[in-house]
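Asks: Quick paste from TrEMBL:
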- 3-68: domain 'CDCP1 first CUB' (DOMAIN)
- 80-179: domain 'CDCP1 second and fifth CUB' (DOMAIN)
- 189-287: domain 'CDCP1 third and sixth CUB' (DOMAIN)
- 308-386: domain 'CDCP1 fourth CUB' (DOMAIN)
- 400-478: domain 'CDCP1 second and fifth CUB' (DOMAIN)
- 496-601: domain 'CDCP1 third and sixth CUB' (DOMAIN)
Amino acid sequence: MMTIQGNTTVAIASTSPSSKCAICITTNGKQACTANITLTPGPNRTFEFNCTQPQDFFNIEIVRSINCSSNSCASDVTELLSLDFPNFNRTLVWMIKVSPQRSLVLNFPGTGISQINPLENCKDQMTYTILTKTNYNPTSIGTFCRQGAISKINVMNETKLYLRILGKEKVNQPGFTIEITKSIKRLGIVEVVLSPGLTYEFLSPNYPQSFPDDDLMSWNFGVPQKHNATIQFLNYSQPECEKKSVAVEYGLTYTPTISKPLTEVWQNPISGNFNMSLRNCEMTPNDPGILNLQFQVQVSNTSLPARYTIDLQKEYGMHLKIKQKKVNRDCQICISTDCQSEITLQSGNITDLLIRDCNIEHLGMEINKVIGCDDFQNCNVINMPLTIPTVLANLPFSLESFTWQVLAPDNGAIELVPSKGKLQQLLPGQKCSGTFYYKLVKADQSVMGTFCSQGSIEKVQIHSNISVVLLPVEKGNASEAMDPTFNVSIGNEIAESYIFTVSPDKELPVYLVSPHWPAGMPSLASVSWNISLPPKTQAELQFFNTTRPECVKGHAVIGIMGHNSKEEELSFREDVALPGSVTMLQSFWLNITNCESLGRRHVLKVGNAIIVKSQDNTKKIIFGVVCAALAVVAIITTACCVSKRRLKKRREPKVSIYNPGGNMFYPGQGKFPKGRKDNESHIYADIDETMIYGHLLRDTDSSITPEVDVYRPFVGPGGDMPPTPPPVVTRGLPTHIGSSKMIDNELYTFNQHKQKSIPQGNGDGPAQILTEGEGDESLEVENDCENEKEESKL
């Protein structure tokens, strides 16, 4: 009698269909016998075999479905062992489903498992087979036996685990547990813990058939301390690729991931944990061939010398120093029979290096490379990438520093452009979020600045020679070191000592400090920041942590000028306090020029923060309101002046003209009825000169002095542009004053007025500046006089 629980099926199948041995089930008093039967969950079933040795003719397969769609599984894998058939060849199958955002981890605690060829059998007659789905096709991760170096296997997608048990073997434990973890974005990951002095073999998925198309499989190896691991390819096949290419990728502890073709195996011994991945291409649809790989990993003691071949034949101007980070008297770095605690290699040579009794993790390398030119005619340094050679990146030693010394001609300048993204200038105490950071060091070993990635600086131009030093943030993990750090060019001389091109992002503060912070700028040095703002934005420039130098010659000046301006908008000397902030409505230049300073206590240091915001329309609105108000005032003033002039004309005394013998004329007539010589309109019977010219006569002793227009400097608040002084007015007398035409007039001349004292101007000599309207009134009088003179002649 057998009870089958939910999500479980039992299949009994005959291995000899021609035999008479069958399985019989009694239902409602009737017995039915068959060669194959599948039992599903339901009421208790009673069955029996009609032969004495059924284990020789039947195989048993027990399948249990487990749903792991959530973060945990609802079933225990040990429950399947309760349905046991002693003495039968049986297969236990666990069908495990996971959600697309998760992956399955099969843990093999205790003795672990080892991989074998699918055609082989395990010594204890117990074999694990792991299958998963790729594009709806089953793929075998591999076949394994109990006891081995594999501690766990991480599998993507739905998985089937088969445990085949032969004969009389009894199983109390399945030998594995399951758990759910995050997605691994690849077919699988095999975790391996290597043991000293042993050799292990591994096979690619589906071996000897093809590895899945355009997929990735990884092995993570844990190497014991004071031991090295050596990789060897035993057998492999390559497919025909339509896109991409087949590659074997190596990730070591202190070096970046290295990709090599399948035909090129890793030659050097590996110290420390590492991983290896097999990546397939997109194979051709017709006759693609197959991709498979069989390889072994051998573990040896480091007391045996580890050999490394370092080829620097294609490198120029390079020095490589390999040294101990922690002193170990037993550790020896040898070239042939010459063994030292540290050694330096030159470019242009091939060196066979032997490492004896050393912990590779305690060895580091410092690399120095010189590039540049003496004159522009022979200079081809244009957009040259600063990269770490692959031959050095393959070495298992940690990268302590890589220094590029860039040398320019005397009349040249160096331009550094980040190869990826933009740079961020680090302030003291700040840490870089990336793996590496960079220092720019001058020939006198003074640090011009420290930078890392993910910032706003697009370009750095330097007037003098400079060294670019690549440094690790922590343990020399060079995972990003293979990418170019900068593209360097040598060009024509620049006017400043340093020029930074900066393009800040909106709403993200950008912090910039003067070169050689916090030591202070050198004497007579200058720096410019070219700040480019996004469209329709404005920048708030804030100053912080500024110190003033003690100048013995010249002045230290901070200037700000917009890109569209012809002269500086703001300028500050070292004896003037800087404002808290300055708002710029357009892209601008920020320039700092140091004086010849004295001592180290009083130096020039300027820190500034740039915050980019959307353009503020408040100033435009205020400016518009002010302009409107001024327009209204101008209209009112004009109206008042016109009204005043009309009232003045009304109040002026009228002049009586007596024509005793003249003829009268009436309105509407187009002209006088008589000609001018016939009528007597030009004869004046009585003229009161005081009534006509009295307002022009000035008494010498009068206390009333004419107003003089004097330019006063601007003392109020400024706008976006500094106020422009008014144009200079010619301070001499008008040209009509004292003319010969007025001297001949017997009624009135300006000679009397000319001889009176003239008020001084603005310190420019005895010149009179006419007040508004005064010159116009003089012209009116002059014109009246001219008319009178012409009429008198007639």
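Just so it is clear, glycine is given a Cβ too, placed from its N, Cα and C backbone atoms.
Unlike curated records, TrEMBL annotations are generated automatically.
Surface or core, plus neighbours and distances: that's what I need for these features.
Replies: When the domain 'CDCP1 third and sixth CUB' (189-287) is classified with DSSP, helix, strand and coil residues number 0 helix, 50 strand, 49 coil.
Along the domain 'CDCP1 third and sixth CUB' (496-601), the predicted structure has mean pLDDT 85.
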Asks: Among 308-386, 400-478, 496-601, which stretch has the most Cβ pairs under 8 Å to the domain 'CDCP1 third and sixth CUB' (189-287)?
Replies: 308-386
Asks: Helix, strand, coil residue numbers for the domain 'CDCP1 first CUB' (3-68) per DSSP?
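Replies: Each residue of the domain 'CDCP1 first CUB' (3-68) counted once, the result is 3 helix, 36 strand, 27 coil.
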